[in-house]
Amino acid sequence: MDIKRTILIAALAVVSYVMVLKWNDDYGQAALPTQNTAASTVAPGLPDGVPAGNNGASADVPSANAESSPAELAPVALSKDLIRVKTDVLELAIDPVGGDIVQLNLPKYPRRQDHPDIPFQLFDNGGERVYLAQSGLTGANGPDARASGRPLYAAEQKSYQLADGQEQLVVDLKFSDNGVNYIKRFSFKRGEYDLNVSYLIDNQSGQAWSGNMFAQLKRDASGDPSSSTATGTATYLGAALWTASEPYKKVSMKDIDKGGLKENVSGGWVAWLQHYFVTAWIPAKSDNNVVQTRKDSQGNYIIGYTGPVISVPAGGKVETSAMLYAGPKIQSKLKELSPGLELTVDYGFLWFIAQPIFWLLQHIHSLLGNWGWSIIVLTMLIKGLFFPLSAASYRSMARMRAVAPKLAALKERFGDDRQKMSQAMMELYKKEKINPLGGCLPILVQMPVFLALYWVLLESVEMRQAPWMLWITDLSIKDPFFILPIIMGATMFIQQRLNPTPPDPMQAKVMKMMPIIFTFFFLWFPAGLVLYWVVNNCLSISQQWYITRRIEAATKKAAA
């Protein structure tokens, strides 16, 4: 029966690793994006003179009619002067042609740990990469649906900055056409990654005005610049949406390649997800919108929505708005903004285990202030929770070690007659009250916790560039010197020495290979995950040594 234990452990190891690889196949990107050399060396902030994005491409502006094709628009001259806005957490550039956000930096999140002055760039439309947030007014009289192209807005300043002591910053872009005055207003708040984008329509044309507000995210097919170099760290890169009838629906690039999505929904949100960061358009909850995904003529992927018809009588004024979130996947903040938006922190199919783990880990961190020590304390708590199961397992192993001479005698007696050997072993186990599979139970129970913690460490932006101590400066990437994986392999070897030797030579060889196999797998795993496994193994060794010695002492005492 001991062969079952060996096979089970080996199968769990293989299945766990295959699941990680499968996760990458399903949600990861095969190649990382080609980085713009100039962008990698620029100083922090948004550079001057970056060309504005394409304003007149037909695929940029959706049709207000859910049954029709995207509107065909003629291009107009591109804007050369971007409007720059800076708050304490955002640095962005707005193209006056259409009022799209074509660049966006996150100064609180450095692109690389060794260059803290260079912020991570979420949006970019000036080089080899395309990722931007677009919005406008389409429909019967919408200025973004004109044959001459999208509107050219004017701003009072070329740059805006949230001053010290200022809690809110408002940036107004103005445009007039045929007696209708438009103000596209961007409202920013201190310390917040969400902003309000509103349209104030003043109809002085003498005729009724009607149109629709649209908002969308456009991205090319390049890889995820926020993913790390550790094995198994490529998370989902693609679109997602939420509706009351279908909460949290992923729409991958492959899905968009197969055909666009078009649905009538109420409220909800549309988003683009990547490792650690998310961008989402959130319309008014009461609006009935047409959500659409499609691919434009340049091969860019688009997810967005078109709102209901807006009617403005002659001489009347109307305001319509939407919220844009562009920043880190901070669960507490996302949950406040819109129902289901926190699900963009994708913990996989074990989310119901991962979410409580993160909640507990976050509370531990609030006391300790270090994510590495928080992982260690979390491991101790999890180990304490599983102690009754572990103790039963170690008692079973200790009894197995005690009957090892009897098992060897059975092997000598029955030789190659495996059927009689198995029957004799079962009788011996029954007599000695030993469960031969008892040692597997903690592994079975802890494996879902291990995988859930893997996704917590992988998906939680709080782990990004989080140091522990000494050479571990980032728990979300691999150990740069492979010290933790080697320690983990050593602890597995020690733990193996405490276990009874399998009676079959082939089983024994397989078990001896397990520390080497696991060490190889863990060389490229996130350091935080390896830290958890090292601490878990050390605690297991201590528990097993203590229980084994107690049982051996009791056995000797009974024999005396």
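Cβ atoms are placed via backbone N, Cα and C, with glycine included.
Residues annotated as region 'Disordered' in Swiss-Prot: 42-66. Positions annotated as transmembrane segment by Swiss-Prot: 1-21, 341-361, 367-387, 437-457, 468-488, 515-535.
Note on the transmembrane segment (468-488): residues 113, 228-231, 233, 370-373, 375, 457-458, 518-519, 522-528, 530-531, 533-534, 537 of its chain, located 6 or more positions outside it, place their CB under 8 angstroms from a CB of the stretch. Under 8 Å from some Cβ of the transmembrane segment (341-361) lie the Cβ atoms of residues 23, 27, 235-236, 240, 242, 247-248, 269, 271, 273, 278, 280, 282, 325, 329, 331-332, 334-335, 371, 374-375, 378, 381, 448-449, 451-453, 455-456, 459-460, all in the same chain and six or more residues away from its ends. For the transmembrane segment (367-387), same-chain residues at least 6 beyond its ends with a Cβ under 8 Å from one of its own Cβ atoms are 357, 360-361, 442, 445-446, 449, 453, 457, 462-463, 466-469, 472, 475, 528, 531-532, 535-536, 539-540, 543.
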